[in-house]
Structure formats: C-alpha cells, structure tokens
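The next block holds one structure in the form of structure tokens; read it before the comments.
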Amino acid sequence: MVFLLCFFLVADVSYGINGDCELPKVVGPCRASHPRYYYNSSSKRCEKFIYGGCRGNANNFHTLEECEKVCGVRSRDSPKEN
C-alpha cells in the first residue's frame, strides 16, 4: 500500500515535465535581443524572457505554444511576462 502511494506521488509530480524544462533560464552572455519562452519550475508556467543569442540551454523556446507543449503546461496556466 505504501509503495502504491509513493508511486502515485512521484508520478503526479513528474507527469508532463520534460527534463529540459527543469533547467534554469539562461539569458547567455551575448547581446542579441531574442524574445523567447522558458518553463519556470517555481511558478509552473512558461514565461517570456530575452535571450542574448548564445550559450543558452534546452529550456529556451521560440513560442509560448512550443514551451507549453514540450513542458506539459495547460494554456490557462500561462503566460506570465517578465
């Protein structure tokens, strides 16, 4: 019984979240100004940020829709603009 409870708790927390979505937002050191979206694991939303153009990571999406699809976010939970 305890095993099943633990299994469902872990499954509920991790459902729909791609590992890349847990990476931190990385603006990068370059000075370009590309509007992008990243998954904020604290707010559990896709949020807008300005990407510098280099040395980012996989938590960097061209559109809100792409971020929500990859990271399993429901549309009503987004967007939050920064």
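Using N, Cα and C of the backbone, Cβ positions are placed for all residues, glycine too.
Under the heading disulfide bond, Swiss-Prot lists C21-C71, C30-C54, C46-C67. According to Swiss-Prot, the domain 'BPTI/Kunitz inhibitor' annotation covers 21-71, on the basis of sequence analysis. Taken from Swiss-Prot, the feature signal peptide covers 1-16, and the record attributes it to similarity to another entry.
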Problem - Number of other Cβ atoms within 10 Å of the Cβ of C21 (disulfide bond) across all protein chains - result: 21
Problem - Other CB atoms, at most 10 A from the CB of C30 (disulfide bond) - result: 13
Exercise for the section: Counting Cβ neighbours within 10 Å across all chains shown, tell me which of the disulfide-bonded residues C46, C54, C71 comes out on top. Expected result: C46
Completion exercise
argmin Cα dist to C71 (disulfide bond) over the disulfide-bonded residues C30, C46, C54 returns C46
Handout entry: Between C30 (disulfide bond) and C67 (disulfide bond): CA-CA distance (Å)
Key = 22
Fill in the blank from the handout: Excluding its own, the Cβ atoms lying within 10 Å of the Cβ of C67 (disulfide bond) add up to 25
Practice task
Just give me the nearest neighbour of C21 (disulfide bond) among the disulfide-bonded residues C30, C46, C54, Cα to Cα.
Solution key: C46
